[in-house]
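These notes concern the structure reproduced below.
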Amino acid sequence: MREQLLAAEKVKAIAWRDGALHLLDQRLLPAEEVWLSYDSAEGVAQAIRQMVVRGAPAIGISAAYGVVLGARARIAAGGDWRAALEEDFKALADSRPTAVNLFWALNRMRERLGRVRDGETPLQALEAEAISIHESDREANLTMAQLGMELIRKHQGSPQALLTHCNTGALATGGFGTALGVIRAAYLDGLVERVYADETRPWLQGARLTAWELANEGVPVSLNADAAAAHLMKTAGITWVIVGADRITANGDVANKIGTYQLAVNAMHHGVRFMVVAPSSTIDMALESGDDIPIEERDGSELLDLGGRRVAAEVHAVNPVFDVTPADLIDAIVTEKGVVERPDAAKMAQLMCRKRLH
Ligand code: MRU
């Protein structure tokens, strides 16, 4: 499956080249494919805030490269560059609050700065760490694709319909995707007749990004309004809802794109299985439950306006962009360390003691 996925790879959204970070501008897809280049930590923080790059692992990877860019400028400026670099760490950490991959990646960069090896400069150490974060995310996705596909195969023999939410593909990660990686692998294995992609209001990650990624690869995909999901679970032969995650807490609760929680409730009601696919960098064992996760609220204009034009009445709009799905609505959490079925605190603790499977 690894070779098949590598051969089918079409989309990349993050590139580290010529000492700069290059990001495919996800605000413009699928209408335009525009790459933007960044040479400062503040620029990368702004790209994350403005959603040029989005998706939990992709945010973490970009922030890691942001630290490299920050360090380069601080070292060139001389003086106490390590103290000055703290400002860059802070700007990057303040860019978005919910996806823990961001803080995980910044912690790894900080730790690596404390472990510069003989014969390497601090800048070389940071660059090597950022590249390693990027590459190991791609590897984790290949492992999870295989594990998730095997889980689907275990429960069904013939091709079925799957439903997904938001965008968890190559655009949201270092490559291949988390939930979308599993869906790709299941399709290549002949297990998927059709994928239903929730449009994912208000930012339309499903309509603009997931539908684009799947259509590019010839995977049969139908776009549906978010509100159609329960109806489709009842009528369209959907066997699994498969989603990603922005933060998973020690008890197995999962924060993901707004609308995920109602999908899990509906899946339970209709006897549809619910799978979460996320690398261990998304697991935050420091938080006991989903109640502790900071939920990002974005500007109400994302709901009030459409294409820059006001469409709603003159009212206040509430725009939480993530929600928390309780662990007891989840059939399986798939990570690169293994699969946890019916997650709870004990199983999550056991998982985190394991090594990566690749
Ligand atoms: O606001 P976004 O687009 O960054 O939200 C992304 C999601 O919620 C994804 O489902 C999640 O990050 C997993 S991506 C592999």
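Every residue, even glycine, has its Cβ placed from backbone N, Cα and C.
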Checklist entry - Per TrEMBL, what member of GLN4, GLN156, GLN160, GLN205 joins ARG54, GLY55, ALA56, ARG96, ASN256, LYS257 in binding substrate at one site? => result GLN205
Next on the checklist: Please list, in sequence order, the residues in the chain of GLN205 (substrate binding site) that are at least six apart in sequence and whose C-beta is under 8 Å away from its C-beta.
Outcome noted: ARG54, CYS166, ASN167, LYS257
Next on the checklist: An 8 Å radius from the center of the ARG54, GLY55, ALA56, ARG96, GLN205, ASN256, LYS257 Cβ atoms defines the neighbourhood of the substrate site; name the other residues of that chain inside it, in order.
Outcome noted: ILE59, ALA99, CYS166, ASN167, THR168, ALA172, GLY244, ASP246, PHE322
Checklist entry - Just checking: which of the recorded positions ARG54, ALA56, ARG96, CYS166, GLN205, LYS257 have a C-beta under 6 Å from ligand 1? => result ARG54, ALA56, CYS166, GLN205, LYS257
Checklist outcome for this item: Rounded Cα distance in angstrom between ALA56 (substrate binding site) and ASP246 (active site, proton donor) is 5
